[in-house]
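Participant: Mind looking over this structure? Questions follow.
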Amino acid sequence: MGSSLYDILTIVMIAEFIFGNVTNGFIVLTNCIAWLSKRTLSFIGWIQLFLAISRVVLIWEMLLAWLKYMKYSFSYLAGTELRVMMLTWVVSNHFSLWLATILSIFYLLKIASFSRPVFLYLKWRVKKVLLLILLGNLIFLMFNILQINTHIEDWMDQYKRNITWDSRVNEFVGFSNLVLLEMIMFSVTPFTVALVSFILLIFSLWKHLQKMHLSSRGERDPSTKAHVNALRIMVSFLLLYATYFISFFISLIPMAHKKGLDLMFSLTVGLFYPSSHSFILILGHSNLRHSSCLVITYLRCKEKD
């Protein structure tokens, strides 16, 4: 049973890895081509580009962690290699979450219609607001790196002191749990901001539909379509990142560390977020969707030839 489950999880993980690289690679390629051909790229184009790059790094980091664990178990978990892997994961995870949150804020400010002076002030200065948020989240990243680096230093000291294999394994379980808890703690703020943006956009859509109903106009006007499309992208991000959270909590289950399948299962669940959300971004953005249709048409023509 354990062997069969392991094989199934391996197949699913490889499929997610390929799918994630294809979808995120497509976003990177599309925006790079647009930038090179037009010599310019929209602000959201840059956000999409760096979001996709961060997710490619995150996907590869998760795969490398799995391969290292399968080959060397706990014996490699010390030194510069551990530091590089941990900090790369922290940085890629940070930007993957924060850039998606910035997209959610962009949808809210661009699409929602509120008459509050504060909202109108932010709406008219949307690029400056998003740039300030982007710069401000670097403070979170700095503190996160400092905290993780402290845990790494503590683990390195314990690794040198503890000679027996069992003691090193137990110490690493404690170290990994601390790192995961830090990741969860630093993810709460951007996730909450994205959730609030989603709720406000729902409220904006409700108000808009009320106005449309009173004026006896159709409900499928451009503003309604923009609201619905943005909400689809935002709810998919929230749900998929929630599964990513769940993968963290799975890794925190004490008994799972003794069975060997915890890493496989948590990585399989975790990979679903960076792989799938980028596909939804492609479907939700007209330029990416148009480019994907051109690629599919080209491939079909090549297949017929």
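The backbone N, Cα and C atoms fix where each Cβ goes, glycine too.
Taken from Swiss-Prot, the feature topological domain 'Extracellular' applies to 1-7, 64-88, 150-182, 254-262. Residues annotated as transmembrane segment in Swiss-Prot: 8-28, 43-63, 89-109, 129-149, 183-203, 233-253, 263-283. If you look up Swiss-Prot, you'll see 29-42, 110-128, 204-232, 284-305 marked as topological domain 'Cytoplasmic', on the strength of sequence analysis. Under the heading N-linked glycosylation site, Swiss-Prot lists ASN162.
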Participant: Please list the DSSP helix, strand and coil residue counts for the topological domain 'Cytoplasmic' (110-128).
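Facilitator: Final tally across the stretch: 13 helix, 0 strand, 6 coil.
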Participant: Looking only at the recorded stretches 43-63, 89-109, 233-253, 263-283, which one has the largest tally of CB-CB distances under 8 Å to the transmembrane segment (8-28)?
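Facilitator: Highest pair count goes to 263-283.
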Participant: Cβ under 8 Å, sequence separation of at least 6 from the ends of the transmembrane segment (43-63): give me the contacting residues as numbers and ranges.
Facilitator: 13, 17, 20-21, 24-25, 27-28, 31-32, 34-35, 85, 88-89, 91-93, 95-96, 99-100, 102-103, 106, 127, 130, 267, 270-271, 274-275, 278, 281, 285, 287-288
Participant: Can you tell me which recorded stretch out of 129-149, 183-203, 233-253, 263-283 has the most Cβ pairs within less than 8 Å of the transmembrane segment (89-109)?
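Facilitator: So the stretch in question is 183-203.
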Participant: On the DSSP side of things, how many residues of the topological domain 'Cytoplasmic' (29-42) fall into helix, strand and coil, could you say?
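Facilitator: Once the DSSP states are binned, the topological domain 'Cytoplasmic' (29-42) shows 10 helix, 0 strand, 4 coil.
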Participant: Taking all residues of the topological domain 'Cytoplasmic' (29-42) together, what is their mean pLDDT?
Facilitator: 86
Participant: Below 8 angstroms Cβ to Cβ, which residues of this chain, lying six or more residues outside the topological domain 'Cytoplasmic' (29-42), approach it?
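Facilitator: Residues 48-49, 52, 287-288, 291.
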Participant: Let me spell it out: take the topological domain 'Cytoplasmic' (110-128), skip the flanking residues so only those 6+ beyond its ends count, and list any with a Cβ under 8 Å from a Cβ in it.
Facilitator: 43, 200-201, 204, 207-208, 223, 226-227, 230
